[in-house]
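Here the structure is laid out as structure tokens; the discussion comes afterwards.
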Amino acid sequence: MESEQLFHRGSYRNSYNSITSASSDEELLDGAGVIMDFQTSEDDSLLDGDAAAGTHYTMTNGGSISSSTHLLDLLDEPIPGVGTYDDFHTIDWVREKCKDRERHRRINSKKKESAWEMTKSLCDAWSGWLVVTLTGLASGALAGLIDIAADWMTDLKEGVCLSALWYNHEQCCWGSNETTFEERDKCPQWTTWAELIIGQAEGPGSYIMNYIMYIFWALSFAFLAVSLVKVFAPYACGSGIPEIKTILSGFIIRGYLGKWTLMIKTITLVLAVASGLSLGKEGPLVHVACCCGNIFSYLFPKYSTNEAKKREVLSAASAAGVSVAFGAPIGGVLFSLEEVSYYFPLKTLWRSFFAALVAAFVLRSINPFGNSRLVLFYVEYHTPWYLFELFPFILLGVFGGLWGAFFIRANIAWCRRRKSTRFGKYPVLEVIVVAAITAVIAFPNPYTRLNTSELIKELFTDCGPLESSSLCDYRNDMNASKIVDDIPDRPAGLGVYSAIWQLGLALVFKIIMTVFTFGIKVPSGLFIPSMAVGAIAGRIVGIAVEQLAYYHHDWFIFQEWCEVGADCITPGLYAMVGAAACLGGVTRMTVSLVVIVFELTGGLEYIVPLMAAVMTSKWVGDAFGREGIYEAHIRLNGYPFLDAKEEFTHTTLAADVMRPRRSDPPLAVLTQDNMTVDDIENLINETSYNGFPVITSRESQRLVGFALRRDLTIAIESARKKQEGIVGSSRVCFAQHTPSLPAESPRPLKLRSILDMSPFTVTDHTPMEIVVDIFRKLGLRQCLVTHSGTVLGIITKKNMVEHLEELARRTEPLAPPWYHNKKRYPPSYGPDGKPRSRFHHVQLSAAQEQGEGAEEEARLLDSTAL
């Protein structure tokens with residue numbers, strides 16, 4: 001196990017290896033690796049495998065030999081499989097970047113030899129643009145298909161267009177000449193289920209039959225969706241963004257971005273949205289786009305053989321996903337940069353923008369909503385906002401932060417309960433129950449019966465002369481002589497007050513059902529439900545401010561800018577600001593969210609209200625916890641993910657975290673020329689470690705390099721098949737020169753070519769604050785802890801996550817979150833006059849101090865249940 005490593009009992013000196021500056025910007029990778037093998041039954045018998053090799057630097061090994069080694073010692077005949085990764089392991093960012101540089105140098109050196117090599121060089125240079133173009137085309141086409149199918153199946157719950165079965169309700173009535181202004185959604189071509197089954201269009205019988213058919217179709221769609229996910233693609237459930245973030249940080253999850261997941265997610269996303277569950281399709285569209293990017297990357301060796309390069313394509317794909325979800329190409333690029341990507345070089349920024357542009361162009365060409373817009377709820381406002389309105393906008397930001405904090409805690413508590421009880425063993429039953437409750441409660445209220453995107457559209461829309469919604473049932477001035485675009489503020493009618501009550505009930509319904517819906521085993525996005533909650537609250541506040549300004553226009557806060565008969569307040573603007581505030585409170589997005597909503601409205605004039613509400617929402621939410629919903633689900637599912645947004649404020653050292661500890665078994669190591677093939681195979685079979693430090697000898701413990709378990713196994717198997725004379729007693733040599741052996745000895749096996757000669761090392765006295773920063777910025781999987789070149793132990797990403805969780809548990813739990821951001825040190829002496837323990841240099845509770853000698857096991861949740 002990782003903790004079963006010997007703490008070397010040697011003299012300590014405060015020194016460690018220095019690293020020279022990197023040769024290029026690409027050497028400094030802003031990516032965090034992850035190192036937990038979720039398929040291993042003994043989670044504490046893991047030692048993270050691939051050593052993330054550093055850049056060129058000088059390291060002094062045993063024997064005082066100073067060597068500056070290259071990252072990769074390439075084989076004359078590469079062994080198939082060496083340098084690849086197992087499922088649920090992390091990639092070696094630095095090694096992958098070095099492989100790409102070697103490939104690039106090789107292509108450049110050959111391109112002048114012939115026209116064919118020049119053509120290959122040009123194809124390689126353009127392959128990046130080609131793969132993001134294909135990704136954008138596929139993402140836009142699939143998004144248009146999903147939008148059209150979801151709209152048709154949503155309307156199928158209420159009726160059918162007998163004249164053209166493939167038309168939804170709106171399309172069915174487009175060509176009708178028998179619609180009225182008040183009932184523009186009713187036409188003879190559209191037939192409700194009550195009319196079709198019992199022949200009644202009105203009355204109690206008709207209502208009950210439509211109610212029953214609504215529930216029937218909702219349950220049918222939900223059951224089909226969860227059944228397809230369970231049988232064909234378990235990875236197709238959820239929103240996918242927490243896993244996308246983890247994959248982009250360097251984690252390997254085979255099949256999560258595969259063709260089966262893409263196919264099933266596309267189909268079940270339509271079914272889940274059509275079932276009426278409190279979820280959206282915008283988050284899963286990011287997963288769909290990343291599946292497209294992953295599939296197309298396998299067409300180009302530049303990306304199919306390099307995991308780091310593939311993640312550049314996935315970053316661009318996530319931007320394309322948000323672009324088609326909200327019709328916001330620039331917002332999609334900023335979303336990829338701010339929310340999901342860890343390694344985002346400048347060329348990835350350009351390609352992300354291009355992918356988002358292509359995806360938006362394809363979606364606009366398909367025109368799924370028939371309004372020449374990329375989203376259903378595109379709006380434009382013409383009335384300016386006034387300084388006084390910043391106060392209600394900030395109040396909406398406070399509401400968004402409180403909603404976000406409540407939702408994160410409630411949803412995580414419910415998901416944790418689902419994992420820890422028998423209820424989680426019946427995902428199909430859970431989906432059916434949630435869908436049944438949602439359908440039964442949603443049908444009587446017209447605002448909850450609506451598709452959530454249509455609800456947001458109605459809440460965003462300003463009341464004009466052609467609006468017939470109950471939200472626009474104002475008492476009109478009968479003396480008005482003409483119809484104008486900007487209708488003055490008017491007193492609310494009975495329809496408005498009725499709509500407010502219905503919206504209040506819809507708000508409570510959305511808040512409760514979204515908590516229980518997000519995380520069930522169907523594709524479920526969070527963007528649209530969160531925006532709906534904020535839009536409902538914002539519209540109610542907007543109507544209240546509008547009526548306040550109408551009846552009290554002589555107040556000093558209104559008299560300067562709101563005259564009688566003027567159009568002062570726009571309730572739809574409040575709905576938009578509230579939607580942005582609530583989405584920001586849940587996800588803690590800032591810049592990208594403001595740009596996305598700005599692109600929705602098309603007006604620069606409302607940037608300041610959006611910024612004020614979103615920042616207020618983030619500040620209020622951060623007061624209750626800095627984690628957004630995606631980071632919370634990453635931690636809940638046990639993904640070994642280091643969030644770059646978090647600050648490490650404790651004062652522990654590398655020696656406090658490294659394995660092994662004093663009471664642990666010895667460190668499992670290899671010697672450079674004293675072990676046989678049988679010795680190494682026995683060590684591999686007897687341990688579960690994924691890598692082994694290579695030392696000069698067991699007496700000196702001087703570091704030579706790091707060998708991966710997978711590479712050792714593949715290299716030995718290949719040598720037995722292809723090299724004559726390799727037997728169990730053959731000496732394995734990791735040194736540059738083979739030692740002299742007796743004449744009768746079997747042929748030695750040279751494995752220096754698979755040895756990482758420059759593993760990253762720190763000394764035992766290196767502050768953990770620096771180590772954590774190194775892991776985040778270089779994307780390391782582990783680093784070795786040394787003292788004057790002598791190997792003491794190892795720190796893996798799993799050790800890092802365990803240490804952070806341990807510190808979080810040991811820190812005073814009742815202190816407010818902002819208190820933990822300060823560095824603080826306990827007093828030297830306790831109340832009894834005795835020296836206080838300075839274990840880990842953080843304050844401990846009395847109960848924890850008594851048991852601080854006992855080593856706690858890190859909690860690892862089942863990663864297969866999302």
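Count begins at 1; order follows the chain as displayed.
Every residue gets a Cβ built from N, Cα and C, even glycine.
As annotated in TrEMBL, transmembrane segment covers the listed stretch 256-277 rather than the other ranges in 124-145, 146-167, 256-277. Looking at the stretches 188-212, 313-337, the one that TrEMBL records under the feature transmembrane segment is 313-337.
Here TrEMBL gives transmembrane segment for one range in the set 532-553, 774-795: that range is 532-553. Predicted-model confidence for the domain 'CBS' (658-722) is 86, expressed as mean pLDDT.
For the domain 'CBS' (658-722), DSSP puts the residue distribution at 24 helix, 18 strand, 23 coil.
The stretches the transmembrane segment (499-520) and the transmembrane segment (386-408) meet in space: the count of Cβ pairs below 8 angstroms, excluding pairs fewer than 6 apart in sequence, reaches at least three. Proximity of distant same-chain residues to the transmembrane segment (386-408), defined by a Cβ-Cβ separation under 8 Å and at least 6 residues beyond the stretch ends, is recorded for 511, 514-515, 530, 533-534, 537-538, 541-542, 545, 557-558, 561-562, 568-569, 574, 577-578, 580-588, 608-609, 612-625, 627-629, 632. Residues 128, 131-132, 135-136, 139-140, 143-144, 244, 247-248, 257, 281-283, 285-290, 292-294, 296-297, 303, 343-344, 348-349, 351-360, 363, 373-375, 378, 527, 589, 591-593, 595-596, 598-600 of the same chain lie 6 or more positions beyond the ends of the transmembrane segment (313-337) yet place their CB under 8 Å from a CB of it. The DSSP breakdown of the domain 'CBS' (755-812), given as helix, strand and coil counts, is 25 helix, 19 strand, 14 coil.
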